[in-house]
Amino acid sequence: MIIKALAIVSLCLASIQASKVGAPQLPKKHLVCYYDSASFVKEGLGKLVIDELEPALQFCDYLVYGYAGIERDSHKAVSLNQQLDLDLGKGLYRTVTRLKRKYPNVKILLSVGGDKDIELDKDAKELPNKYLELLESPTGRTRFVNTVYSLVKTYGFDGLDVAWQFPKNKPKKVHSGIGSLWKGFKKVFSGDSIVDEKSEEHKEQFTALLRDVKNAFRPDNLLLSTTVLPNVNSSLFYDIPAVVNYLDFVNLGTFDFFTPQRNPEVADYAAPIYELSERNPEFNVAAQVKYWLRNNCPASKINVGVATYGRPWKLTDDSGDTGVPPVKDVKDEAPVGGNTQVPGIYSWPEVCALLPNQNNAYLKGANAPLIKVQDPAKRFGSYAYRAADKKGDNGIWVSFEDPDTAADKAGYVRTENLGGVALFDLSYDDFRGLCTNEKYPILRAIKYRLTN
């Protein structure tokens, strides 16, 4: 009897073990970390050098180094800061790719475009979009492919991220009642103007460009991804069923739906997960993801973009004192952050310093803490505000990402079984640990939620 009982127990244990072995394993969620090298040349607390970047790599599966660009006339892929990137200067390209020796599981990609390839010449605004001009030129596409391949191979990158600078949607106000009638993506029109009269041609040409890059990369097993920049209409420029064949993954810029630059008179949630009432139904993470899924992009290739910063507006005496968005009668004149040094954007440590803490609890006026408003439903995100005083001064309203809301988006990625999260940008996370003495808190929160 004892032997028989032991045999039964053994069979049960074997059956349990077999069921574990045969159980389907969910694919690993990826974390793509962007590093804008422009932060390397900043002065002050916003300067992120490689030694301070390195601790982040234990949490990243991919590091995307930004940004390269293209020459207008030659269509060559080039460094946007040769003194910083190339061997003749500080040699940051090689410094970054050599990090693979210490972190062999991290793949390091070079990104092209990213809304950072800005021509400063006073006549540049009158010139055509050089990214569209390149697409229209077969010779230009070939030259780009050859030169970008050379950059990637010469400096030891594992692949390329194509953050193509397509024309952006024009800001469009959606008034009460209109939001429910506004269906799908606009195929040609955005707002009251045509974004690109030749969008169908450019869509085909962009597909051809990605195909050619992938063909050049394939013998070396180099990676190829694309970043859909914020407020670029995917239906205009991405032939999704075609391009996914050439891409290892897609990073969606699912943030900056509202910014002070685009919406100087109305403050609202910059990156909600789900649709809000009486808003444009496409201005949220879920709508962007669903569009790519509906067009046959594998869920495993989609990475949801999460920002590490906030978008601030200045409140006026006409903005009211409730802070409830959308907030009208605002201005795009919030004070510039001392760390970021960029109008209309606050890094997470800059936002954190504005929230109630022991250093500002009793301060008044321009130094008084903001009132933080969280979203218990975890659908839209957090905001904070300080109403303007009787003189119309010191008012501010910020929509921002923090460790909690970033983790909520990682949770959304897990629920929808997507590929992972793309973090924009390491330089705006609290890489110095100024807020809570923990470095990279947003990055850590995302990684924890993706893996637990």
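Even glycines carry a Cβ here, placed using N, Cα and C.
As recorded in Swiss-Prot:
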type     : residues      : note
SIGNAL   : 1-18          : signal peptide
DOMAIN   : 29-452        : domain 'GH18'
DISULFID : Cys33-Cys60   : disulfide bond
CARBOHYD : Asn233        : N-linked glycosylation site
DISULFID : Cys352-Cys435 : disulfide bond
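Positions of the features from Swiss-Prot, shown on the structure.
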residue : record                      : Cβ within 10 Å
Cys33   : disulfide bond              : 27
Cys60   : disulfide bond              : 25
Asn233  : N-linked glycosylation site : 23
Cys352  : disulfide bond              : 19
Cys435  : disulfide bond              : 19
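Recorded residues Asn233 (N-linked glycosylation site) and Cys352 (disulfide bond) have their alpha carbons 32 Å apart, per Cα-Cα distance. Cys435 (disulfide bond) sits 21 Å from Cys33 (disulfide bond), taking the Cα positions as reference.
In the three-state DSSP classification, Cys435 (disulfide bond) falls within coil. Summarised as a single figure, the pLDDT of the domain 'GH18' (29-452) averages 93. Between the CA atoms of Cys352 (disulfide bond) and Cys33 (disulfide bond) there is a gap of 21 Å, rounded to the nearest whole number.
Taken residue by residue with DSSP, Cys33 (disulfide bond) is part of a strand.
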